[in-house]
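Participant: Got a structure for you, written out below as structure tokens; questions coming shortly.
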Amino acid sequence: MPTVIAHLDIDAFYASVELLRRPELRGRPVIVSGDGPRAVVTTASYEARKFGVGSAMPTRRALRLCPDAVLIPPDFGAYRAASEVVMRLVRGTVDEVEVMGLDEAYLDLGGLLSPRAAMRRLVTEIRAATGLDASVGIGPNKLIAKVASDAEKPRGFVVLTREQACARFAGHPPRLVPGIGGKTAERLEVLGITTLAALAAADPGLLAEHFGPRQGPWLVARGRFEGEESLQAVREAVSESRESTFDVDIAGPAELDAQLQRLADQLCRGLQKHDRTGRTIAIKVRLDDWTTVTRARTIAHPTNAVEHVGQIAAELLREYAPPRPVRLLGVRVASFGGVEEPPAQTAQLALPV
Ligand SMILES: [Mg+2]
């Protein structure tokens, strides 16, 4: 059986959930964002995107581009509720699912007689149950599925073989491919590689000289749309976190600790509400120069008690002792029940926050 993987992605998820409960805003540019001076856009509706507004853009800049945009504060409870409905339908379609976030998942369609029909049906079911539109990409690996689902948003439905993906995106910049960021793209450009076709044709040995023996050949493989053909089937969300970016950088340990406890309190309340506990507690610290550091510790027994989580988070922060003012702070609890790690990893575990 050949590998067939689909990537499903809800279109403008947060903004679409908001529009469902505020139909009077339909057709208007909507931006979901906090409103502090450092707030960033979490999602923009397609009407706002026409003005050049995009995710992760500073909200102030977004409002300069699109002064008539309606600013809506994020309501993660509502997004989580919508996500649960979507993911239940996703899991009802196939056994093997890799959930990538609240609104994104990979599905292994390998066992299905008619993968396209199954995905069309899923999109219809999601629309009927939630009112949300989704885009779908289908291909022989995760990379192709992901790029295909992005290619014709909103309501895209794109099926590609590897050869078709190479041909279709040949003239696109390497940044189109997930995993190739701005810095890497700049370094490729120095080598004269400005398109995916050029990347695919590049000498892996040459790129190894510039990017190292692992990343060099990996980049060429990405350019050729070679990617993972199996899913990491995580059956439940494995972690939950809270973080905030401060309006003004914080340098004092007492204030940092107070902010950390506030985040731990919010996080634990959320965990308690969903009856989730975890054994790994992590912090994320971003300094004013954008250095981002994570520290984690795994304890013997799962917890969602703010006393435990707050205390361990505070210890981790004290041990790290931020050398510069702090711009962003986050707390995470991971390793939920049912996704236990082997005992060998109980001592200390660094995990991406
Ligand atoms: Mg999405």
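Here the Cβ of each residue, glycine as well, is placed from N, Cα and C on the backbone.
Keep in mind that this is a model prediction, so the values were computed, not measured.
Quick paste from TrEMBL:
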type	residues	note
ACT_SITE	Glu104	active site
BINDING	Asp9, Asp103	Mg(2+) binding site
DOMAIN	5-181	domain 'UmuC'
SITE	Tyr14	site 'Substrate discrimination'
Participant: Cα distance, Tyr14 (site 'Substrate discrimination') to Asp103 (Mg(2+) binding site), nearest Å?
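Facilitator: Checking the Cα atoms of Asp103 (Mg(2+) binding site) and Tyr14 (site 'Substrate discrimination') gives a distance of 9 Å.
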Participant: Return the single residue from the recorded positions list (Asp103, Glu104) that has the minimum number of other CB atoms within 10 Å.
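Facilitator: Selected from the recorded positions Asp103, Glu104 on minimum Cβ neighbours within 10 Å: Glu104.
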Participant: Just to be sure I understand the packing, how many Cβ atoms besides its own are within 10 Å of the Cβ of Asp9 (Mg(2+) binding site)?
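Facilitator: Taking every protein chain into account, the count is 22.
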Participant: What three-state secondary structure does DSSP assign to Asp103 (Mg(2+) binding site)?
Facilitator: coil
Participant: Quick one: which of the recorded positions (Asp9, Tyr14, Asp103) have their CB closer than 6 Å to ligand 1?
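Facilitator: Near ligand 1, sequence order: Asp9, Asp103.
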Participant: Give me the mean pLDDT over the domain 'UmuC' (5-181), rounded to a whole number.
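Facilitator: Computed over the domain 'UmuC' (5-181), the mean pLDDT is 94 on the 0 to 100 scale.
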Participant: Take the Cβ of Tyr14 (site 'Substrate discrimination') and count every other Cβ within 10 Å, whichever protein chain it belongs to.
Facilitator: 27
Participant: Give the distance between the Cα atoms of Glu104 (active site) and Asp9 (Mg(2+) binding site), rounded to the nearest whole Å.
Facilitator: 5
